[in-house]
Amino acid sequence: MFGVRYDPEESLLTPTLYHNGRFLPNLKKRKRRVQDHDVVDDDVVVFDNDKDEEEMNKEKKEEEEEEEEEEEETDNSEGESEKSESGSESESESESESESDVDGKHMKEELEDKDDAMEVDTIIEDNEYSGKHKSIFDKFKLSVTRTVNDDVVHSSRDEEEDFQKQSGSREKEKEEVVETQDLAPLPQPQLPRDRKLNSSTQHSANLDWLTTPEYIAIADTKPFSEFPLSPFMHENLESLGFENAFAVQVGVLSKLLPEIQANKLRPDAFGDVLVNASTGSGKTLAYSIPIIESLKDRVVPRVRAIVLVPTKPLINQVRATMLQLALGTNLNIVSLKNDISIREESERLIELVPDVVISTPGRLVEHLAMDSISLSSLRYLVVDEADRLLNQSFQNWSQILISKIHLQQVYDVANVWSLKVQKFIFSATLTTDAGKLASLDFHNPRLLIVNDSQRLVNELFSVPAMLSEYKLNFGVAKSSLKPLILAKFLIAQEKLSDVLVFTKSNESSIRLCTLLQAIFDRICLQEKVKVGFMNLTNNRTSLRSKILKDFTSQKINILVATDLIARGLDVTSIKDVVNYDLLNSSREYVHRVGRTARANQAGNAYNLVFGKGEEKWFKTISSEVSRNNDVKDVEVNLKQLISDEDEKLYQEALQSLQDQVRK
């Protein structure tokens, strides 16, 4: 290691100690090696002052001699230049100045070289020396960085203060420009409004996505004599008392009869037909007449028409209608029921092949699995009450039936001229579910809607045109007197016959029937009123037929029932329908009130509403139904309608019902 000599006067001339993030000590170093006797300990270095002074004196003398020699050389060079340049006085002053600058630079470089001869390179670090005095150098570096950071912070603070002053002055200028206004609401921009999108329920409220509907006016009627029907058909219609065709019959017959006549010459497929018409509008007659007219001249018996209905009563009703219309032909019309075993019924179908089969979907699927029925010659497929059949799976009947038809009616050279299956879909509340309708595999579908297109609310939920609807509002506190209110209202309105009352369950129908019978027995002493009920507990075919027969012949004046008979029950004598319990949907409401006002006859529907909750729900249901007349509100004064004596009799009737339950 070298000894070190520090000159305080030279510190001002030396370069900076901190350069580009590195600490570069600027130290003058001696060229003499430190002897062993100079070292006192690890951290202290002893300098030989006498020898240093002698060497310094020698160096100064040498420097002075060199300077004198340089001055003499410069003087000689100047004299020679003056002699040589005496003839060329035209040189410019700029050249002389440049030469003098060059000479000055050479002089400075020589002086710097002399200074460097006395010292070691300033940027070279002595690692051994700096390692011993590391703590001192670290403190020095820390102090240098702090000073630099302080300068940066102070400069940034000054800039922020200047910016704040400028922004403050600008705000003051803006405040001076703002106009003063009165104490009034400030004008606000118009709020953006969201675009109202059509909901999925609105989209599925109709069948416009399937085909363009064709509307048939309710008042559009036409005599059967104007249709091109066979003579036997005119006679059968006259014997049944049908003179004029209703709107749905006019629309269907006008389309299908010309197509049936055209298919006798060419096997053109005219497409399937979907019909939406209110209950009691004559849908059964609308599809029975074209089928019988098409099959009247058949030679070999084959299953050419299948009619699917949801319940057994509808099976009997449809078969009875078709048998009456087919009088004078050889058509074999059969119905499939659960009265006999499936094997015995299968043997009968194989022995005596029918022309028309009327069945429920579940029973038909069982026979298809046993190959009791062949669909190779099937010409017509009718789905009555289609919304109920499609909403209930019934052993996945639609997929099985359609797949069987495609399997047995293969399009090839042998049957290229044969007619394909034509589907007729009928319902009072036709479903709009695309997934359910797609299972029937429609071909060129056509939609007929019996309603006035200008007065539609929901084209698929409509009530009979001759129906009058009423709503009876009561407080929720009076719900405990509900059976008594119904009995007294029927007595006051003189509606003690041909009345159908709907309840929500089997238990409530039995309880209400018993309670009404007890009330009428105590109040109506002069006139005998018979009350009956119909639900799943007495749904056997024989018992059900007897009840309906008694109700039609007025042996039963008031019939209490559930929604079991709300579909397809064709009793034209019903004049009034009472919704004792409100419905769960507008679809069921349409089928309930459709039990009256059938075949263009007048009818009434009364709805008992207790409390604001039921009133709100009834409005929701009613808003989805298309009707010709508005629902009328009926105000009932309970103080005048029900006396104290009536309440006592009602309590006695409740006690008698309780005694029957205990027994």
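Even glycines carry a Cβ here, placed using N, Cα and C.
As annotated by Swiss-Prot, region 'Disordered' applies to 1-119 (among others).
Feature annotation from Swiss-Prot assigns compositional bias 'Acidic residues' to 39-79 (among others).
Taken from Swiss-Prot, the feature compositional bias 'Acidic residues' applies to 88-101 (among others).
Feature annotation from Swiss-Prot assigns compositional bias 'Basic and acidic residues' to 102-111 (among others).
Sequence annotations record features per position, and here Swiss-Prot assigns region 'Disordered' to 153-200 (among others).
Annotated compositional bias 'Basic and acidic residues' per Swiss-Prot: 168-177 (among others), in sequence order.
Below 8 angstroms of C-beta separation, residues 216, 257, 261, 275, 277, 281-283, 285-286, 289, 292-293, 296, 324-329, 448, 450, 599-600 of the same chain, each at least six residues beyond the ends of the motif 'Q motif' (222-250), sit close to that stretch. Marked as motif 'Q motif' by Swiss-Prot: 222-250.
Taken from Swiss-Prot, the feature domain 'Helicase ATP-binding' applies to 264-448, supported by sequence analysis.
Summarised as a single figure, the pLDDT of the motif 'DEAD box' (384-387) averages 90. Taken from Swiss-Prot, the feature motif 'DEAD box' covers 384-387.
Taken from Swiss-Prot, the feature domain 'Helicase C-terminal' applies to 485-642.
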Discussion item. Counting by DSSP secondary structure, give me helix, strand and coil numbers for the motif 'Q motif' (222-250).
Written reply: 16 helix, 4 strand, 9 coil
